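*Asks:* According to TrEMBL, the protein carries these features:
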{"type": "DOMAIN", "residues": "15-96", "note": "domain 'Core-binding (CB)'"}
{"type": "DOMAIN", "residues": "117-299", "note": "domain 'Tyr recombinase'"}
{"type": "ACT_SITE", "residues": "Arg158", "note": "active site"}
{"type": "ACT_SITE", "residues": "Lys182", "note": "active site"}
{"type": "ACT_SITE", "residues": "His251", "note": "active site"}
{"type": "ACT_SITE", "residues": "Arg254", "note": "active site"}
{"type": "ACT_SITE", "residues": "His277", "note": "active site"}
{"type": "ACT_SITE", "residues": "Tyr286", "note": "active site, O-(3'-phospho-DNA)-tyrosine intermediate"}
Amino acid sequence: MSEHGFSAKRPNVKGQMVEAIEDFADFQLHVKGRAAATVRGYRSDLRDLARSVPTFADFTLNNLRQWLAEAVAEGKARSTLARRTAAVKGFSTWAVREGHLERDIAARLVTPKVGHHLPTVLAPDQAGELMGNAVSADEVHFLRDSAILELLYAAGMRVAELVRLDLGDIDFQRGTLQVTGKGNKQRVVPFGHAAEDALKQWIDHGRGKLAAADTEAVFVGSRGGRIDQRQVRRIVNKAARVTGAQGLTPHGVRHSAATHLLEGGADLRVVQELLGHSSLNTTQIYTHVSAQRLQRVYDQAHPRA
């Protein structure tokens, strides 16, 4: 048995996970007799999971917990988190029976508690320091990693949106990106001069040395194909450790961008549009973060606080 619990008998390819999700959905609908709406919810949750956990080799307890933690950070309702947990636990049990996994990885998974936890955000000077501290193996990877950090912060993008970017999505003349978000909804997002410079450096001097000839992806991995979300998380985490912001995730960079915009006077609905939130309630959490920071600064600075 491998340390991850996946069977060595079966190849771990990205298509395998997607195919298994469809088989699991059929099993739930036709064998278990689940309601069609429930199965649709499970399928949607597991397809979302597959973006972060694309193969059974990646199906680890830590990765599952990270996926749920990001849902908490996005402000998902407890009912949604409970359904996601149930979907993954059911899928894990089924995958053992079908031979995809050797042990039930998700058996110890629990629904995250949803309280009034506010996301951790970088101070503006920390964000600036993060941008200049990509930890990379060589100059080419440094150009790529620096552009990734700059763009995550400049555009407040989700990591899934960043990895989906194609060259044709960048409009340097207008300084905007065509971003494809959840549900394949598209939005136009501006980016600043720092991100523009980093992007041009990567595209002009780095990308051609890594990218396969047939890919339109902006960001690529060492094998030339589109970079995956796990690699981006590692890039952020390495830079964060250097700057003393251990545990920072790409979603934390997104939180920071939104909070700094609001603190700089941006309208809440503008931030909602930038982030691609369907509901203003989701964006509302950033006002609480800003208020909390304001209280802290007031307590430190006001003579009669």
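Just so you know, glycine gets a Cβ as well, placed from its N, Cα and C.
Since we're looking at a predicted model, the values are computed, not measured.
I'm curious about the neighbourhood of these features; can you describe it?
*Replies:* DSSP gives Arg158 (active site) a coil state; it is part of no helix or strand. Residue density at Arg158 (active site): 22 other Cβ atoms are found within 10 A of its Cβ, drawing on all protein chains shown.
Within 10 Å of the C-beta atom of Lys182 (active site) sit 13 other C-beta atoms, taking all shown protein chains into account.
DSSP assigns His251 (active site) to a helix.
Taking a C-beta cut-off of under 8 angstroms and a sequence separation of 6 or more, Arg254 (active site) has the following same-chain neighbours: Leu152, Gly156, Met157, Arg158, Leu275.
In the three-state DSSP scheme, His277 (active site) is classed as coil.
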*Asks:* Cα of His277 (active site) to Cα of His251 (active site): how many Å, rounded?
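*Replies:* Cα to Cα, His277 (active site) and His251 (active site) are separated by 14 Å.
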